[in-house]
Amino acid sequence: MSRFKSSFLLFLLLFSAYESIASEDIVQVSEEFTEALLLRPLPDRKVLAHFHFQSTAPPTRTYGRHHHLFPKSIYQLVHKFKVREMELSFTQGRWNYERWGGYDPISNSNAKPPGVELWADFDVPQHQVEDSWKNLTHALSGLFCASINFLEQSTSYSAPQWSFQSVSGKLRYGTLPREAVCTENLTPWLKLLPCRDKAGLSSLMDRPSIYRSYYHSQRLHLRSDEFDTSKTSTGIVLEQTLTVVLQPNTFSGKTSQLSWSLSSLFGRKVGGKCSLSNSSNVYVQFEQSLVSKVKELREKRESSKNEILMHEGFQNNPLFELSLPPKRIIKEVEKLTKEGSILYEFSVEDYDESEPFDLGLSWKVPVFWSCQQAPLRTSRFLLGSGNERGAIAISMKSTESNNVERSGRDDKECWLRVGIFQVVPWYVKVYYHTLEVFLDGEPQHTVDNVEKIHVSPSEDKVSPGVMEIVLRLPCSVSTAALTLEFDKGFLHIDEYPPDANQGFDIPSAVVRFNDFLTNISFDDNSLKRVPILSKLEENIPVLSYTEVLLVPLTTPDFSMPYNVITITCTIFALYFGSLLNALRRRVGEEERLLREKAAKKMGPLTLMLSKLSAKLRRKQWEPPKPSSSRKSVINKKLILKVLLVAGIAVAWQYYFQ
Amino acid sequence: MSPYSGSMYHGSPLLLSILGPLTVKTIGGQPSHLLCSLVSVFADLISAILIRATGHSLVRAHGHNLKSLGLDKLFKDIEILPSGDIAALVYLWNPFTIVSCVGFNTSPIENLFVILSLYGASAGLIPLAAFGWVIASHLSLYPLVLIIPVIFLLGYGLDAPPRKLFMQSNSRVGEERPVDRVGLKSVTNKPLETKIFSWRPVILFFLWVSIWILYVLMLCAIAMKEHGGLWEMFKRTYGFILTVKDLSPNIGVLWYFFAEVFDFFRNFFLIVFHVNIIFMILPLAIRLNHRPCFLVFVYLAISSMLKSYPSVGDSALYLSLLVLFVNELAEMQFSFFLFCGYVGVSLLSPVMHNLWIWRGTGNANFYFATAMAYACFQIILVVESVSAMLNYDRKIRKLCNTAKG
């Protein structure tokens, strides 16, 4: 018996081994998980930390439905709602485009508006998109412990026509500017990682130091081609990033820049990689202006000391010093005449608990540099005072960095195309015909400067107002502004949030420079296999988000609905009663006449009525007995009436059943 | 784009197609809203002329009726005021009219059509009456109730004392005919015939109404062909009026009420408030059927008091109509009090609005209090004028009886 059992087990084992080998033969691709951390010193003594986690699941068709790395909840989400692409971001703080840059890939894909932003593109028939969106918001709301379900209401999301990449019309976009982001949103986000925050780079995420940061944005980007029928489908790619801007809290007197290390930034060290991840790298990026500073400095030193440096090492860097030797140095391909940025790569794989990875950077010389800016710096503000009307203004200032290359144009006809996508809640009733464009402070004909416009006006309590506009500005412009007038709506008391006097938020407008694409390209093709680097290599348009506007709305008195109801009803009663009284009032003479008439005419009838009532009372006490013929006639009439009413009641009841 | 996409416009598509281009057009650097204001000034002028004409015929009818009742001698010492002229002046110089012109409200145009229908009916121009009524109710729904006084006007003629008196006096005249002069006889015999309800103009009126309705609906259908058709139009105009969706402050009381009322009672109160307007129609029509023009005034006053989005332009209309009956309502009570109240409210209301909305130092209740005071004054005005009119009829009856006895 035991022998049989063991042989059976052996058979099973063999069979399963065979199965796995066979499946590996067929599939070749399997689930992958990679983690990476990119650190970048920022000009204003802060440090940008950008965590990047990517999980991929091969298509269900070839791989099946069971995963050991890819989060099940996300997989089910994709399949249930047929999501083609989705991005969800939780952000606290505002990305400082002026100081932290607005042109490089990281700021363009990770600078997000405050609060929650969600957009999703569905692979369902057009009439099911709304339902899918609603269900998705509820699912995400449960998944991330956030009030994303408020995006379910049709007043809070919109369907952009061409401001986003998708042209299918199945994309929905919604933001919650006032959503407070905290650790209860981060924990479910970390749960999607195979190692959570127990091992690997994510173990750096010390909650107090992250939430103390100047800006943090956790993002979840999902792309699937599960529902495409083509052979080259790649399955589901889940990209999770956390972008934090931190201030190092160590002080060094000499330099303007603060030296930092991972342990001083996060208060933790990395004790080895997450064993489930394919690669686990840390990169330190130095921007091109900083790199050129280094070069400058080195040249100066060379000329003074007459010393020849063979290669750009990290040890003999005149500007800064890294505490650990990098695994390799990756240089960006130089564009035109400019320096490219430099990435120092460190691998966490060589470190473990006993010898934790703690990268440090110390500056040798004070240095000042600036980040590359987007062509125009946008800001948005409100005009006007009072609570009845106002105007939204979007101002764009040229950033003097117009030396950035512009694709495909000559000097004569140099146009700057700026796409603006703005969603306005319905209670801010924008008059789109009041759109005015100012160039360098001069009002312009709107038609000359607007290349394309799409407006869907807001509908009270149904849908928000959406404006998509592509402006065409001359390159030489230094300031451009756009104003729109609006009226403020009045809400029902239930529609006000608990703190109504704080005001209402208008979500950020998205300003997109479609002619400007940004990427960091590397000449080493082997780097394409590292997800974070291939992400940096992707061409993405330059875009920036404007500020969230706070619009104060007039509030009614919340404390006295009862008073209002009773007083108004009193007025109506006053109207009704007094008018009716005036109409039926008779003066003495008429009254007397009427009374005489009534005495003549109505005498017998009233008598009859009084008799009838008396009879009714008697009838209840005594059983009916034959009396005088007149009385019996009245009784019969009465019974007939009662029967009639009862019949009607029965018929009514019967009919409505 | 559909005129009703978005929640900005809730008027008639025809009005938009006429006024819309005017708001954009400019003449010689003047602000663009000048043309629109000119249109409303023009409409107001026409309305004033029509009010004057109506007033003249009313005065004539008044004198005629008194004469036919044989009371002209009694009233000889009381001067009959030219109420038409006064009413036209009151309409033109009313601050409410001027304010609604300055604010380029559409109410001057709505008022024009209401008055057009009244004038048409009083002058016996049936197509004009039908046209005015159809357009007025197309523009703002509430003039629908005016069909009752218009029918009375066409059926019975202009305002007169109760018909019973005429019958009495006629019978009296019949008795006294042999001793009476011949000239008087011809005058007194006429009213008896005209006071019988004449169906022919009414049927003609309905015919014209149906023609105009078809015409207007056809035009609207053409205008709305690509934007959801007529149903969309009705939903966005009449539906908007009936469901009180816009809660922005106005001089009425409904906006604040519906901003504060609990959601599950909303429908109930909507029904109650609209029924309040409808409910008084029948008693008033029964009691005042001999005075259709006055009935028009009462209906307009009630609807401008209880309508969903009232404006001061509506008040301007009914106030000038009130003046048409200056002879009959000479003994109205509280008239000075009411005048002071109107002045006070029209001064306080903008102040409270400014304090609440612009300065943020006031409270919604301040403004709502003035709106309520205004509603109360309107109620008192309606009630007092109705009772004054009834008293006047009583007085005439008494005088007739004493003349008889």
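Placed from the backbone N, Cα and C atoms, the Cβ positions cover glycine too.
Feature annotations, reproduced from TrEMBL:
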TRANSMEM  B:113-134  transmembrane segment
TRANSMEM  B:141-158  transmembrane segment
TRANSMEM  B:202-224  transmembrane segment
TRANSMEM  B:236-258  transmembrane segment
TRANSMEM  B:264-286  transmembrane segment
TRANSMEM  B:332-352  transmembrane segment
TRANSMEM  B:364-383  transmembrane segment
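Scored by C-beta pairs under 8 angstroms, the transmembrane segment (B:236-258) has its highest count with B:364-383, from the stretches B:113-134, B:202-224, B:264-286, B:332-352, B:364-383. Most Cβ pairs under 8 Å with the transmembrane segment (B:113-134) belong to B:202-224, among the candidate stretches B:202-224, B:264-286, B:332-352, B:364-383. With a cut-off of 8 Å between Cβ atoms, the residues of this chain six or more beyond the transmembrane segment (B:332-352) that come close are 95-96, 251, 312, 362, 366-367, 369-371, 373-374, 377, 380-381, 384-385, 387-388. Cβ atoms under 8 Å from those of the transmembrane segment (B:264-286) belong to residues 142, 145, 148-149, 152, 242-244, 254, 257-258, 295, 298-299, 302-303, 306-307, 386 of the same chain, restricted to positions at least 6 beyond its ends.
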